[in-house]
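Peer 1: Shown below is the structure under consideration.
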Ligand SMILES: Nc1ncnc2c1ncn2[C@@H]1O[C@H](COP(=O)(O)OP(=O)(O)OP(=O)(O)O)[C@@H](O)[C@H]1O
């Protein structure tokens, strides 16, 4: 048999277009040819199972052969093969008509297509000047055939001497596509695209693909170690994942996958997805931002679906109904998994909360359905201390659970913590502090008597330590809202729970923290002024800041020395306006001048100040040394209080250090002259 013919296409000639390449990634031709080979092997199994083929199937395999001298690359399979009629039909007609269709659809359009998927057999002409097919069908008596085409619409079909069932596609590579005769390049391509295909792919006799796709297994057949091993395989040299979710559904769409929660690092770009998209175990892309809900983008792993349209533009993908449904399904499954962990092991949940919480909060802010799903499992670190450690207790109405958890916010803590992850969910075992966690509901319930519907929170444990301590001492519970997302999350909570008000610990002091009785005592019989009034005057004069609001109060304490002599307060509304305008202007928030200086009249230092200044009045001197000292100390007390809030600029720092030295000199002068 020898037949010559013209491939029946309607366009004048599509080969130049294919060659010029519609796609920048020529390399996908290999993915297409290997996918066809896998299909041919699966089809043989199917006809055998259907009883239409009784011959030996043998060990399915795909062989890749490189001939550097002839500059050829061939892909062989022992699948179903093709008869001459099938070559004419499937190659000459089907393959090229789909090529034509594809080219028409995308010619001249600069569309970003997610997968360039299913380009099929004709994609081999992106890299080859001539393509040969040598094939023998499984059908009894069908002669082997040889097809060749040199890149013109002409083809030649003739007999072949092939005696083993299957197909070999040989590509005569173009001059500028010689990279595909390099073993390393082929290995890399197989690893990228075909690693998880269920048939061994051999290069020079060596199997170069992994074959097993764990996401296609049932979750019951996989151990923790299997999941971890797969993660390490996908993301080598990375920290262990915290938690994973196995996706597996057949209806209303087909979707399999494993998604992992990684430990969040400040250097990770959360807008860039790291999840790999597969279609029938063939790698498509590691950019599936259109499919994964935005708040889950930092997750890692694999999703595999034949229901995601791959040869459409990215924007079309975003509006595709099935894709939207898949995204919803993914967030629901992730929510379910978190709820399950919360219910079954609250202790484990708390351990991963620092990172997982960011996803949960971000998801609550962005996705109404997800918010509803997880609203009862949002937890907060609290100053509340439970008398007994209640590990793994059920979630209902339990007091805050104490666990060993890492300190700080992953996004602020750039230093990687030294850790030895365990084998389980990858939860970090190191534990610098003991912390308690609570839900908002539990918090409100617990504090109903003391401060109904009021939440005290702290955004920076270090700078707000004095304020937190003050609250703690008086039995007021404070929540730590110190991750980068919490500023938004607080406003969100206030919208969600409109009767709940929150105030940062340094915004004002609760009445219960103040000792009203002590402040009104008259200390100057000549003027009838109370200590409070005198102190206020003293500070007003010394600081000379008209915008500063000076308040004098006695802080309640058994040990006044242990309380701060003064505190800077910034009313909640003022701080929020400041933060908001800084956000809009993309600047860091300035500390407003009209803040409050609360001077603690109960503190011995402040009381000494009164005596010091009164001494100077009695002496009747305009600016006596003691009045000067009282003045300096007022400024110093203010600076110390301010320092806890915001830190100084260069000038502020300079005068603070200078004054510190002056005050210390005065003190040592007195000590030495005494
Ligand atoms: N290795 C092979 N063994 C047997 N038949 C093959 C082989 N390669 C291609 N074919 C036949 O040629 C047809 C066309 O292949 P082509 O790759 O162009 O499209 P496809 O595989 O049907 O679909 P897709 O566009 O998704 O790849 C196939 O459907 C199949 O019948």
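For all residues, glycine too, the Cβ spot is worked out from N, Cα and C.
This is the feature table in TrEMBL:
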type     : residues                 : note
BINDING  : 32, 36, 77, 82, 167, 314 : ATP binding site
COMPBIAS : 417-436                  : compositional bias 'Polar residues'
DOMAIN   : 25-177                   : domain 'Histidine kinase/HSP90-like ATPase'
REGION   : 414-436                  : region 'Disordered'
Peer 1: Which entry in the list of binding-site residues, 32, 77, has its Cβ near the fewest other Cβ atoms, using 10 Å as the limit?
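Peer 2: 32, out of the binding-site residues 32, 77, has the fewest neighbouring Cβ atoms within 10 Å.
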Peer 1: Give the helix, strand or coil assignment DSSP yields for residue 82 (ATP binding site).
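Peer 2: Residue 82 (ATP binding site) sits in coil per DSSP, no helix or strand.
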Peer 1: If I take every residue in the domain 'Histidine kinase/HSP90-like ATPase' (25-177) and average their pLDDT values, what number comes out?
Peer 2: 88
Peer 1: Same-chain residues six or more away whose CB lies under 8 A from the CB of residue 36 (ATP binding site)?
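Peer 2: Long-range Cβ contacts: 120, 121, 169.
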Peer 1: The record names 32, 36, 77, 82, 167, 314 as the residues that bind ATP; what is their largest Cα to Cα distance in Å?
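Peer 2: Answer in Å: the longest Cα-Cα distance is 36.
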